[in-house]
Amino acid sequence: MDFNVKKLASGAGLFFTRAVQYTEEKLGQAEKTELDAHLENLMSRADCTKNWTEKIYRQTEVLLQPNPSARIEEFLYEKFDMKAPSRVTNAELLGLYMEGAAQEFGAATPYGSTLLKVGECEKRLGAVEKEFIQTSAISLLTPLRNFLEGDWRTISKERRLLENLRLDLDACKARLKKAKLAEAKTAVAPDLNETRPRNYVLSASASAVRSLVSTDKAEQDLRLAQTEFDRQAEVTRLLLEGISSTHINHLRCLHEFVEAQAAYYKHCHLHMQELQRDLGRLPDAFALNSLHSVVTPGSAAEDIGSPLEAEPLKIEEVQAPATGTRKAKVLYDYDAADSSELSLLADELITVYTVPGMDSDWLVGERGNQKGKVPVTYLELLS
């Protein structure tokens, strides 16, 4: 019990001494030991690394999960060391709604069949997004969080210890300075408070001895404080120099994140291209509606027969008009669905033109001796 009381009293005294030293430094009444320039630069670099790493980490979380409520829920699961339930992405949820609507409207109708196709694509996009989130969390978020919660906490702890030891060192310097001043004053004049003249010499000798003992004790405390401060400064310096290794590790993680993001957008693009091709093969509901609005019973159009029953257009028999041909730049790769279509490569130039009776979403394209239908959405028409 006595030991605990003494330890508590010693700690309180040390805290009070540091508080006094810190206050006097702020008021300009005490000298402060300055760290060397190299250590100061390392500390500034470490603070900059911590601040920007924290911002990048928070914004990456927002990118991967824009919903703040979901982020808080995941944080709580992680703090309680519980496995978070699998969450359905927005794209997957949209796909489920579209498929449900298709069942209600009829999967055989043009609208229902299109809803099914788009819903399946949205579910695939959601699955790709989920994979991207998991990959990014492992490749980027986890290393950044490990630095903030691990390495940076260690660095901060050692820096606080270094600052406390510096306050102790400066307090020892101040005590030594006061002791030397008292010793010099005692050496010049005896203690005049002594009223009996015969004791002047004895009083002067006793004061000199007390001043000498006080000076020796202050010098011993200063040497010990300087040793502890130098040792802690070296430990802190080694930890701060490790920030360079942290930068290298984060650079590797950033490359992995970019690769994951590139793969994510590539897969999304491929899925959307496939969806466009699938939708292009579906019956044109707009053309059907236009046909029903024009053809009436007993009309001339009915006598001629439905265009849907007419012989399909044969691309090889189509002749390019004398005028009306244009150059077009291909925006994306396109794989022909059948022999009537022309496969395309991104950035190539082809000749295109329209023919009567062809859907407005398609043009006839020519590349040398090759000819076939091409979708307008894959082209940039040039003047």
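Cβ atoms here come from the backbone N, Cα and C positions, even for glycine.
Keep in mind that TrEMBL annotations are predicted by a computer and have not been checked by a curator.
Summarising the annotation, TrEMBL assigns domain 'BAR' to 24-288.
Sequence annotations record features per position, and here TrEMBL assigns coiled coil to 155-182. Confidence across the coiled coil (155-182), taken as the mean pLDDT and rounded to a whole number, stands at 89.
The annotation domain 'SH3' is assigned in TrEMBL to 323-383. Across the domain 'SH3' (323-383), the DSSP tally of helix, strand and coil residues reads 3 helix, 28 strand, 30 coil.
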